[in-house]
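According to TrEMBL, the protein has these features:
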- 54-304: domain 'G-protein coupled receptors family 1 profile' (DOMAIN)
- 7-26: transmembrane segment (TRANSMEM)
- 38-61: transmembrane segment (TRANSMEM)
- 73-91: transmembrane segment (TRANSMEM)
- 111-133: transmembrane segment (TRANSMEM)
- 154-176: transmembrane segment (TRANSMEM)
- 209-234: transmembrane segment (TRANSMEM)
- 246-271: transmembrane segment (TRANSMEM)
- 283-304: transmembrane segment (TRANSMEM)
Amino acid sequence: MQKPQLLVPVIATSNGTLVHPAYFLLVGIPGLGPTIHFWLAFPLCFMYALATFGNLTIVLIIRVERRLHEPMYLFLAMLSTIDLVLSSITMPKMASLFLMGIQEIEFNICLAQMFLIHALSAMESAVLLAMAFDRFVAICHPLRHASVLTGCTVAKIGLAALTRGFVFFFPLPFILKRLPYCRTHTVTHSFCLHQDIMKLSCTDTRVNVVYGLFIILSVMGVDSLFIGFSYILILRAVLELSPRRVALKAFNTCISHLCAVLVFYVPLIGLSVVHRLGGPTSLLHVIMANTYLLLPPVVNPLVYGAKTKEIRSRVLRMFSQGGK
């Protein structure tokens, strides 16, 4: 079967013709052959099934159980929805790459996937910040919690997270489209990221570098600082509580959120650092990117399902009813 022409002129400019690739080629995991990729597809499919089932279960339980219509659980439902969409735009394409060796991804589809990955990540960061604020108010100002985080306020926070993620990352596809691509068209990941597409251009990419750094610092950077500051205040308030059993019980309500923050931000920071160091994309880049995108949708529902009594009891009740 003949492959489509790789390079097609799409925009005529005064300096000549700007050339975009008809498609990019996804590598998967560099250095691994088709056989290893094939066997890796099975745990990947299992992870996708687990992420879909776990996050969908949490959303449905919170939707059905009226007593869970509280800020903490509403933010958790937002987080699970984001993880559900994020896993659905990355894992199926990865599975087709690993299982059937389908490397091609159309240029515009690649840009759309890239935009959704970055925008959804920004939304997840905003929701994690909102959850940190919820824990701060609940522990440091418990009497004001109900009046500060009303249903209307939670809805506005969710809308703000959605809007910010869209607005900040909407320019990315357009500043990538203005670049000519005359180098290799091989993306050394299993999905499309701004940093990797940008490196394929054969012209000056300073605008992309500066804007990419700006949004990382102003979105994820600011969020992480506020989350850290919230936990400093939470720890100070917890240490002032007595007896110790009360302090531990109060801090125990933050454990699930702390796990979600670490699972999200540690790979993100690692990925940002290795990309800023420059040089060709290595196996470390790929492992960090895969961890950053694939781990949170799988781990978050497991952590919250295990640590949240209301969700855990509802899931156990569902399974016990199903076994009868």
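Each Cβ is built from the backbone N, Cα and C atoms, and glycine gets one as well.
Long-range neighbours of the transmembrane segment (111-133) within the same chain, counting only residues 6 or more positions beyond its ends whose Cβ lies under 8 Å from a Cβ of the stretch, are 72, 75-76, 78-79, 82-83, 85-86, 89-90, 93, 105, 154, 157-158, 160-162, 164-166, 168-170, 172-173, 176-177, 191-194, 197, 215, 219-220, 223-224, 226-227, 230-231, 257, 260-261, 264, 268, 293, 296. With a threshold of 8 Å between CB atoms, the same-chain residues lying at least 6 positions outside the transmembrane segment (38-61) that come near it are 29, 32, 68, 76-77, 80-81, 83-84, 87-88, 91-92, 94-95, 98-99, 294, 297-298, 300-302, 304-305, 311, 314-315. Nonlocal intrachain contacts for the transmembrane segment (283-304), taken as residues 6+ away from its ends with a CB within less than 8 angstroms of a stretch CB, comprise 29-31, 44, 47, 50-51, 54-55, 57-58, 76, 79-80, 83-84, 86-87, 90-91, 117, 124, 188-191, 193, 256, 259-260, 263-264, 267-268, 270-271, 274-275, 311.
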